[in-house]
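As written in TrEMBL, here are the features:
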DOMAIN    30-428  domain 'Major facilitator superfamily (MFS) profile'
TRANSMEM  32-55  transmembrane segment
TRANSMEM  67-86  transmembrane segment
TRANSMEM  98-117  transmembrane segment
TRANSMEM  123-145  transmembrane segment
TRANSMEM  157-179  transmembrane segment
TRANSMEM  185-207  transmembrane segment
TRANSMEM  315-337  transmembrane segment
TRANSMEM  343-365  transmembrane segment
Amino acid sequence: MVEGGIAKPDKTDFSECWKTTCKTPYIMRLSLSAGIGGLLFGYDTGVISGALLYIREDFQQVEKKTWLQEVIVSMAVAGAIFGAAFGGWINDRFGRKLSILVADILFFVGAIVMALAPAPWMIIIGRIFVGLGVGMASMTAPLYISEASPARIRGALVSTNGLLITGGQFLSYLINLAFTHAPGTWRWMLGVAGLPAVVQFFLMLSLPESPRWLYRRNKVEEARSILEKIYPANEVESELIALRNSIEAEKADEQAIGDNFLAKMKGALSNVVVRRGLYAGVTVQVAQQFSGINTVMYYSPTIVQFAGFASNKTALALSLVTSGLNAVGSIVSMAFVDRYGRRRMMIISMFGIISCLVILSIVFFQAASHAPKISQLESTHFAANATCPSFLSAPNPTSWNCMSCLKAECAFCANGANEEHAWPRHQI
(Lines of atoms letter the chains of each structure in order from A and count residues from 1; the text may use other names and numbers.)
(Lines give C-alpha, C1' and ligand atoms only; values in the text may rest on other atoms or scores of the structure.)
Protein backbone atom coordinates (compact mmCIF):
# COMPACT_ATOMS: atom_id res chain seq x y z
CA MET A 1 0.00 0.00 0.00
CA VAL A 2 1.06 3.56 -0.69
CA GLU A 3 -0.63 6.88 -0.19
CA GLY A 4 -3.44 7.18 -2.69
CA GLY A 5 -4.12 3.44 -2.99
CA ILE A 6 -2.43 0.26 -4.09
CA ALA A 7 0.58 0.78 -6.30
CA LYS A 8 0.18 -0.78 -9.73
CA PRO A 9 3.09 -2.83 -11.04
CA ASP A 10 5.37 -1.33 -13.62
CA LYS A 11 4.37 -2.73 -17.02
CA THR A 12 7.85 -2.45 -18.45
CA ASP A 13 8.57 -5.60 -20.41
CA PHE A 14 11.86 -7.35 -19.80
CA SER A 15 12.62 -7.10 -23.52
CA GLU A 16 12.49 -3.31 -23.23
CA CYS A 17 15.30 -3.47 -20.70
CA TRP A 18 17.50 -5.25 -23.22
CA LYS A 19 16.49 -2.87 -26.01
CA THR A 20 17.35 0.14 -23.86
CA THR A 21 20.70 -1.24 -22.74
CA CYS A 22 21.59 -2.27 -26.30
CA LYS A 23 20.87 1.26 -27.50
CA THR A 24 22.86 2.68 -24.57
CA PRO A 25 25.69 0.20 -23.81
CA TYR A 26 26.96 2.60 -21.14
CA ILE A 27 24.02 1.58 -18.93
CA MET A 28 24.86 -2.11 -19.26
CA ARG A 29 28.51 -1.35 -18.54
CA LEU A 30 27.58 0.46 -15.32
CA SER A 31 25.21 -2.28 -14.20
CA LEU A 32 27.45 -5.25 -14.94
CA SER A 33 30.57 -3.60 -13.52
CA ALA A 34 28.80 -2.86 -10.25
CA GLY A 35 27.08 -6.24 -10.38
CA ILE A 36 30.42 -8.06 -10.12
CA GLY A 37 30.13 -7.21 -6.43
CA GLY A 38 27.05 -9.42 -6.37
CA LEU A 39 28.98 -12.16 -8.17
CA LEU A 40 31.69 -11.98 -5.50
CA PHE A 41 29.03 -12.00 -2.79
CA GLY A 42 27.54 -15.20 -4.19
CA TYR A 43 30.87 -16.87 -4.88
CA ASP A 44 32.30 -16.29 -1.41
CA THR A 45 29.13 -17.50 0.32
CA GLY A 46 28.91 -20.63 -1.83
CA VAL A 47 32.54 -21.69 -2.25
CA ILE A 48 33.07 -22.55 1.42
CA SER A 49 30.56 -25.41 1.16
CA GLY A 50 32.88 -27.41 -1.09
CA ALA A 51 36.17 -26.10 0.26
CA LEU A 52 35.21 -27.23 3.76
CA LEU A 53 35.25 -30.87 2.64
CA TYR A 54 38.94 -30.61 1.79
CA ILE A 55 39.89 -28.28 4.64
CA ARG A 56 38.74 -31.06 6.98
CA GLU A 57 41.08 -33.48 5.24
CA ASP A 58 44.11 -31.17 5.52
CA PHE A 59 43.56 -30.07 9.13
CA GLN A 60 42.73 -32.80 11.62
CA GLN A 61 41.54 -30.31 14.24
CA VAL A 62 38.89 -29.07 11.80
CA GLU A 63 37.81 -32.66 11.11
CA LYS A 64 37.49 -33.47 14.81
CA LYS A 65 35.92 -30.21 16.01
CA THR A 66 32.62 -29.34 14.38
CA TRP A 67 32.57 -25.98 16.17
CA LEU A 68 35.73 -25.03 14.26
CA GLN A 69 33.98 -25.82 10.98
CA GLU A 70 31.08 -23.65 12.07
CA VAL A 71 33.41 -20.77 12.96
CA ILE A 72 35.09 -20.94 9.54
CA VAL A 73 31.71 -20.73 7.83
CA SER A 74 30.06 -18.17 10.12
CA MET A 75 32.91 -15.64 10.31
CA ALA A 76 32.01 -14.43 6.84
CA VAL A 77 28.49 -13.70 8.10
CA ALA A 78 29.87 -11.90 11.16
CA GLY A 79 32.13 -9.82 8.93
CA ALA A 80 29.20 -9.04 6.63
CA ILE A 81 27.24 -7.55 9.55
CA PHE A 82 30.01 -5.05 10.28
CA GLY A 83 30.70 -4.50 6.58
CA ALA A 84 27.09 -3.53 5.94
CA ALA A 85 27.00 -1.25 9.01
CA PHE A 86 30.18 0.65 8.15
CA GLY A 87 29.42 0.44 4.43
CA GLY A 88 26.42 2.72 4.87
CA TRP A 89 28.56 5.40 6.47
CA ILE A 90 31.26 5.09 3.77
CA ASN A 91 28.58 5.28 1.06
CA ASP A 92 27.20 8.54 2.39
CA ARG A 93 30.54 10.10 3.28
CA PHE A 94 32.81 9.07 0.41
CA GLY A 95 30.47 7.85 -2.31
CA ARG A 96 29.29 4.60 -3.87
CA LYS A 97 32.28 4.19 -6.17
CA LEU A 98 34.86 4.30 -3.37
CA SER A 99 32.78 1.85 -1.33
CA ILE A 100 32.89 -0.67 -4.17
CA LEU A 101 36.65 -0.20 -4.54
CA VAL A 102 37.17 -0.79 -0.81
CA ALA A 103 34.99 -3.92 -1.00
CA ASP A 104 37.16 -5.21 -3.88
CA ILE A 105 40.31 -4.73 -1.80
CA LEU A 106 38.72 -6.65 1.08
CA PHE A 107 37.64 -9.46 -1.27
CA PHE A 108 41.13 -9.72 -2.75
CA VAL A 109 42.97 -9.65 0.58
CA GLY A 110 40.59 -12.23 2.05
CA ALA A 111 41.03 -14.56 -0.94
CA ILE A 112 44.83 -14.40 -0.77
CA VAL A 113 44.92 -14.92 3.01
CA MET A 114 42.68 -18.00 2.75
CA ALA A 115 44.55 -19.47 -0.22
CA LEU A 116 47.90 -19.22 1.60
CA ALA A 117 46.59 -20.11 5.07
CA PRO A 118 48.97 -22.43 6.97
CA ALA A 119 46.45 -23.04 9.75
CA PRO A 120 42.68 -22.84 10.37
CA TRP A 121 42.94 -19.54 12.24
CA MET A 122 44.31 -17.91 9.08
CA ILE A 123 41.34 -19.18 7.12
CA ILE A 124 39.09 -17.59 9.73
CA ILE A 125 40.87 -14.24 9.34
CA GLY A 126 40.48 -14.48 5.57
CA ARG A 127 36.78 -15.24 5.98
CA ILE A 128 36.39 -12.11 8.12
CA PHE A 129 37.96 -9.97 5.38
CA VAL A 130 35.70 -11.58 2.78
CA GLY A 131 32.69 -11.03 5.04
CA LEU A 132 33.45 -7.33 5.34
CA GLY A 133 33.57 -7.15 1.55
CA VAL A 134 30.30 -9.07 1.25
CA GLY A 135 28.59 -6.67 3.66
CA MET A 136 29.74 -3.59 1.76
CA ALA A 137 28.98 -5.06 -1.66
CA SER A 138 25.51 -6.28 -0.64
CA MET A 139 24.29 -2.74 -0.01
CA THR A 140 26.49 -0.68 -2.34
CA ALA A 141 26.11 -2.58 -5.63
CA PRO A 142 22.29 -2.39 -5.88
CA LEU A 143 22.36 1.21 -4.64
CA TYR A 144 24.85 2.25 -7.33
CA ILE A 145 22.90 0.42 -10.04
CA SER A 146 19.57 1.98 -9.01
CA GLU A 147 21.01 5.51 -8.94
CA ALA A 148 22.77 5.13 -12.28
CA SER A 149 19.98 3.51 -14.31
CA PRO A 150 16.85 4.87 -16.06
CA ALA A 151 13.73 4.73 -13.89
CA ARG A 152 11.67 2.71 -16.39
CA ILE A 153 14.07 -0.27 -16.34
CA ARG A 154 15.48 0.21 -12.86
CA GLY A 155 13.75 -2.83 -11.38
CA ALA A 156 15.16 -5.19 -14.00
CA LEU A 157 18.68 -3.75 -13.78
CA VAL A 158 18.78 -3.92 -9.98
CA SER A 159 17.66 -7.53 -10.32
CA THR A 160 20.89 -8.22 -12.21
CA ASN A 161 22.66 -7.89 -8.88
CA GLY A 162 20.48 -10.61 -7.39
CA LEU A 163 21.00 -12.73 -10.50
CA LEU A 164 24.76 -12.35 -10.21
CA ILE A 165 24.62 -13.33 -6.51
CA THR A 166 22.91 -16.62 -7.30
CA GLY A 167 25.05 -16.97 -10.42
CA GLY A 168 28.13 -16.53 -8.24
CA GLN A 169 26.93 -19.31 -5.95
CA PHE A 170 26.40 -21.61 -8.93
CA LEU A 171 29.83 -20.67 -10.29
CA SER A 172 31.41 -21.47 -6.92
CA TYR A 173 30.04 -25.02 -7.07
CA LEU A 174 31.38 -25.43 -10.61
CA ILE A 175 34.81 -24.16 -9.52
CA ASN A 176 34.74 -26.49 -6.53
CA LEU A 177 34.00 -29.42 -8.80
CA ALA A 178 36.72 -28.38 -11.26
CA PHE A 179 39.43 -28.35 -8.58
CA THR A 180 38.56 -31.64 -6.88
CA HIS A 181 41.60 -33.37 -8.37
CA ALA A 182 43.96 -30.38 -8.46
CA PRO A 183 46.81 -30.17 -5.94
CA GLY A 184 45.81 -27.74 -3.24
CA THR A 185 42.05 -28.21 -3.91
CA TRP A 186 40.50 -25.83 -1.36
CA ARG A 187 43.29 -23.26 -1.73
CA TRP A 188 42.43 -22.83 -5.40
CA MET A 189 38.71 -22.79 -4.63
CA LEU A 190 39.08 -19.94 -2.15
CA GLY A 191 41.83 -18.08 -4.02
CA VAL A 192 39.96 -17.81 -7.33
CA ALA A 193 37.67 -15.21 -5.72
CA GLY A 194 40.51 -12.69 -5.99
CA LEU A 195 40.26 -12.56 -9.80
CA PRO A 196 36.76 -11.00 -10.12
CA ALA A 197 37.71 -8.52 -7.40
CA VAL A 198 40.69 -7.33 -9.45
CA VAL A 199 38.56 -7.10 -12.61
CA GLN A 200 35.88 -5.04 -10.88
CA PHE A 201 38.46 -2.78 -9.23
CA PHE A 202 39.90 -1.69 -12.58
CA LEU A 203 36.49 -1.45 -14.26
CA MET A 204 35.20 0.84 -11.51
CA LEU A 205 38.23 3.13 -11.84
CA SER A 206 36.96 4.10 -15.29
CA LEU A 207 33.34 4.59 -14.21
CA PRO A 208 31.77 7.70 -12.64
CA GLU A 209 30.30 8.26 -9.22
CA SER A 210 26.55 7.98 -8.67
CA PRO A 211 24.80 11.08 -10.15
CA ARG A 212 22.55 11.29 -7.10
CA TRP A 213 25.51 11.36 -4.69
CA LEU A 214 27.25 13.98 -6.83
CA TYR A 215 24.16 16.21 -6.93
CA ARG A 216 23.76 15.92 -3.18
CA ARG A 217 27.37 17.10 -2.87
CA ASN A 218 26.51 20.13 -5.06
CA LYS A 219 28.45 18.75 -8.03
CA VAL A 220 25.58 19.49 -10.39
CA GLU A 221 27.53 19.65 -13.65
CA GLU A 222 29.21 16.30 -13.00
CA ALA A 223 25.80 14.78 -12.29
CA ARG A 224 24.42 16.31 -15.49
CA SER A 225 27.25 14.88 -17.62
CA ILE A 226 26.49 11.37 -16.31
CA LEU A 227 22.75 11.72 -16.90
CA GLU A 228 23.48 12.77 -20.49
CA LYS A 229 25.14 9.39 -21.03
CA ILE A 230 22.21 7.52 -19.50
CA TYR A 231 19.11 9.34 -20.81
CA PRO A 232 18.13 10.65 -24.26
CA ALA A 233 18.94 14.36 -24.71
CA ASN A 234 15.28 15.40 -24.43
CA GLU A 235 14.91 13.68 -21.02
CA VAL A 236 18.04 14.92 -19.26
CA GLU A 237 16.58 18.20 -18.01
CA SER A 238 13.43 16.59 -16.63
CA GLU A 239 15.48 13.92 -14.85
CA LEU A 240 17.74 16.58 -13.39
CA ILE A 241 14.69 18.43 -12.06
CA ALA A 242 13.29 15.21 -10.59
CA LEU A 243 16.65 14.51 -8.95
CA ARG A 244 16.76 18.00 -7.48
CA ASN A 245 13.23 17.74 -6.09
CA SER A 246 13.96 14.36 -4.55
CA ILE A 247 17.14 15.55 -2.83
CA GLU A 248 15.52 18.76 -1.61
CA ALA A 249 12.67 16.75 -0.09
CA GLU A 250 15.20 14.44 1.55
CA LYS A 251 17.10 17.38 3.02
CA ALA A 252 13.85 18.93 4.26
CA ASP A 253 13.00 15.71 6.08
CA GLU A 254 16.46 15.63 7.66
CA GLN A 255 16.05 19.19 8.92
CA ALA A 256 12.65 18.34 10.36
CA ILE A 257 13.56 15.08 12.11
CA GLY A 258 17.38 15.23 12.28
CA ASP A 259 20.09 13.57 10.22
CA ASN A 260 21.37 10.95 12.69
CA PHE A 261 20.32 7.31 12.53
CA LEU A 262 18.04 7.28 15.56
CA ALA A 263 16.24 10.43 14.43
CA LYS A 264 15.71 8.99 10.95
CA MET A 265 14.36 5.74 12.41
CA LYS A 266 11.99 7.65 14.68
CA GLY A 267 10.77 9.74 11.77
CA ALA A 268 10.28 6.68 9.57
CA LEU A 269 8.36 4.78 12.25
CA SER A 270 6.10 7.76 12.88
CA ASN A 271 4.85 7.52 9.28
CA VAL A 272 2.14 4.83 9.04
CA VAL A 273 2.84 3.99 5.40
CA VAL A 274 6.61 3.75 5.90
CA ARG A 275 6.18 1.79 9.13
CA ARG A 276 3.95 -0.82 7.52
CA GLY A 277 6.31 -1.19 4.59
CA LEU A 278 9.28 -1.51 6.93
CA TYR A 279 7.56 -4.17 9.03
CA ALA A 280 6.61 -6.12 5.92
CA GLY A 281 10.14 -5.92 4.49
CA VAL A 282 11.84 -6.93 7.74
CA THR A 283 9.38 -9.79 8.27
CA VAL A 284 10.05 -11.15 4.79
CA GLN A 285 13.82 -10.96 5.32
CA VAL A 286 13.59 -12.71 8.70
CA ALA A 287 11.29 -15.39 7.27
CA GLN A 288 13.71 -15.92 4.39
CA GLN A 289 16.60 -16.48 6.79
CA PHE A 290 14.59 -18.84 9.00
CA SER A 291 13.70 -20.94 5.97
CA GLY A 292 17.26 -22.26 6.24
CA ILE A 293 18.42 -21.47 2.71
CA ASN A 294 21.76 -20.11 3.92
CA THR A 295 22.43 -23.32 5.84
CA VAL A 296 21.69 -25.28 2.68
CA MET A 297 24.04 -23.11 0.60
CA TYR A 298 26.85 -23.22 3.18
CA TYR A 299 26.62 -26.96 3.89
CA SER A 300 24.99 -28.44 0.79
CA PRO A 301 27.77 -30.99 -0.01
CA THR A 302 27.97 -31.96 3.67
CA ILE A 303 24.20 -32.50 3.76
CA VAL A 304 24.48 -34.68 0.65
CA GLN A 305 27.15 -36.74 2.41
CA PHE A 306 24.83 -37.14 5.39
CA ALA A 307 22.38 -38.65 2.92
CA GLY A 308 24.92 -41.39 2.18
CA PHE A 309 26.94 -40.10 -0.79
CA ALA A 310 30.42 -40.41 0.66
CA SER A 311 32.49 -39.17 -2.29
CA ASN A 312 33.41 -35.47 -2.18
CA LYS A 313 33.11 -35.21 -5.94
CA THR A 314 29.66 -36.80 -5.96
CA ALA A 315 28.49 -34.51 -3.16
CA LEU A 316 29.70 -31.43 -5.05
CA ALA A 317 28.10 -32.58 -8.30
CA LEU A 318 24.71 -33.19 -6.66
CA SER A 319 24.91 -29.82 -4.91
CA LEU A 320 24.93 -28.15 -8.32
CA VAL A 321 21.20 -28.90 -8.53
CA THR A 322 20.48 -26.71 -5.50
CA SER A 323 22.58 -23.75 -6.64
CA GLY A 324 21.35 -24.13 -10.23
CA LEU A 325 17.68 -23.93 -9.24
CA ASN A 326 18.54 -20.95 -7.06
CA ALA A 327 19.96 -19.16 -10.10
CA VAL A 328 16.95 -20.12 -12.26
CA GLY A 329 14.65 -18.55 -9.67
CA SER A 330 16.57 -15.28 -9.98
CA ILE A 331 16.23 -15.32 -13.77
CA VAL A 332 12.46 -15.83 -13.52
CA SER A 333 12.19 -13.00 -10.99
CA MET A 334 14.27 -10.67 -13.13
CA ALA A 335 12.14 -11.41 -16.19
CA PHE A 336 8.78 -10.74 -14.55
CA VAL A 337 9.33 -8.35 -11.63
CA ASP A 338 8.63 -5.15 -13.59
CA ARG A 339 5.66 -6.65 -15.42
CA TYR A 340 3.80 -8.26 -12.51
CA GLY A 341 5.08 -6.30 -9.53
CA ARG A 342 7.10 -7.07 -6.42
CA ARG A 343 4.14 -8.01 -4.21
CA ARG A 344 2.74 -10.69 -6.51
CA MET A 345 6.15 -12.23 -7.14
CA MET A 346 6.86 -12.27 -3.42
CA ILE A 347 3.57 -14.01 -2.60
CA ILE A 348 4.26 -16.70 -5.21
CA SER A 349 7.79 -17.13 -3.88
CA MET A 350 6.67 -17.46 -0.24
CA PHE A 351 4.00 -20.00 -1.24
CA GLY A 352 6.67 -22.07 -2.98
CA ILE A 353 9.01 -21.89 0.02
CA ILE A 354 6.31 -22.95 2.48
CA SER A 355 5.19 -25.83 0.24
CA CYS A 356 8.74 -27.14 -0.17
CA LEU A 357 9.45 -26.88 3.57
CA VAL A 358 6.31 -28.90 4.35
CA ILE A 359 7.33 -31.60 1.86
CA LEU A 360 10.89 -31.62 3.23
CA SER A 361 9.61 -31.98 6.80
CA ILE A 362 7.47 -34.98 5.82
CA VAL A 363 10.40 -36.63 4.02
CA PHE A 364 12.75 -36.10 6.99
CA PHE A 365 10.14 -37.46 9.40
CA GLN A 366 9.58 -40.56 7.30
CA ALA A 367 13.32 -41.11 6.90
CA ALA A 368 13.87 -40.84 10.66
CA SER A 369 10.95 -43.17 11.41
CA HIS A 370 12.22 -45.93 9.12
CA ALA A 371 15.98 -45.55 9.70
CA PRO A 372 17.75 -48.74 10.92
CA LYS A 373 18.80 -48.81 14.54
CA ILE A 374 22.43 -48.14 15.45
CA SER A 375 23.98 -50.52 17.96
CA GLN A 376 27.49 -50.79 19.39
CA LEU A 377 28.40 -54.32 18.33
CA GLU A 378 31.87 -55.85 18.53
CA SER A 379 33.66 -55.24 15.26
CA THR A 380 37.16 -56.65 15.70
CA HIS A 381 36.31 -59.57 13.37
CA PHE A 382 36.85 -57.14 10.49
CA ALA A 383 40.50 -58.19 10.80
CA ALA A 384 43.43 -55.79 10.76
CA ASN A 385 41.65 -53.43 8.40
CA ALA A 386 39.99 -51.65 11.37
CA THR A 387 37.99 -49.37 9.09
CA CYS A 388 36.37 -47.55 12.00
CA PRO A 389 38.51 -48.10 15.10
CA SER A 390 36.96 -45.10 16.81
CA PHE A 391 33.66 -47.02 16.95
CA LEU A 392 35.02 -49.23 19.71
CA SER A 393 36.13 -46.26 21.78
CA ALA A 394 32.68 -44.67 21.88
CA PRO A 395 31.28 -44.95 25.43
CA ASN A 396 27.73 -45.48 24.19
CA PRO A 397 25.77 -45.55 20.93
CA THR A 398 24.44 -42.01 21.35
CA SER A 399 27.94 -40.53 21.37
CA TRP A 400 28.97 -42.29 18.15
CA ASN A 401 29.28 -40.02 15.10
CA CYS A 402 28.49 -42.07 12.00
CA MET A 403 30.07 -39.46 9.73
CA SER A 404 33.50 -40.59 10.94
CA CYS A 405 32.97 -43.70 8.81
CA LEU A 406 31.66 -41.95 5.72
CA LYS A 407 34.85 -41.58 3.71
CA ALA A 408 35.35 -41.85 -0.02
CA GLU A 409 36.92 -45.32 0.39
CA CYS A 410 34.26 -46.56 2.76
CA ALA A 411 30.62 -47.63 2.42
CA PHE A 412 27.81 -47.84 4.94
CA CYS A 413 25.97 -51.15 5.27
CA ALA A 414 22.72 -51.83 7.06
CA ASN A 415 21.30 -55.35 7.09
CA GLY A 416 20.72 -58.19 9.49
CA ALA A 417 24.26 -59.55 9.30
CA ASN A 418 26.26 -56.37 9.65
CA GLU A 419 23.94 -53.79 11.18
CA GLU A 420 25.48 -50.31 10.98
CA HIS A 421 29.12 -51.29 10.48
CA ALA A 422 31.41 -49.53 8.02
CA TRP A 423 33.05 -51.92 5.56
CA PRO A 424 35.69 -51.23 2.91
CA ARG A 425 33.92 -50.79 -0.41
CA HIS A 426 36.08 -53.40 -2.15
CA GLN A 427 34.81 -56.05 0.32
CA ILE A 428 31.12 -55.37 -0.43
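Every residue number used here counts from 1 along the chain in the order it is shown.
Every residue gets a Cβ built from N, Cα and C, even glycine.
When Cβ distances are compared across the two stretches, the transmembrane segment (98-117) makes contact with the transmembrane segment (185-207), since 3 or more pairs at least 6 residues apart fall below 8 angstroms. Same-chain neighbours of the transmembrane segment (185-207): 29-30, 33-34, 36-37, 39-40, 43-44, 47-48, 50-55, 58, 97, 100-101, 104-105, 107-108, 110-112, 114-117, 123, 126, 130, 133, 172, 175-176, 179, counting only residues six or more beyond its ends whose CB sits under 8 Å from a CB of the stretch. A Cβ distance under 8 Å defines the sequence-distant neighbours of the transmembrane segment (315-337), meaning residues of its chain 6+ beyond its ends; these are 14, 46, 49-50, 53, 155-156, 159-160, 162-163, 165-167, 169-170, 172-174, 176-177, 180, 293, 296-297, 300-302, 304-305, 309, 345, 349. The domain 'Major facilitator superfamily (MFS) profile' (30-428) scores a mean pLDDT of 80 in the predicted structure.
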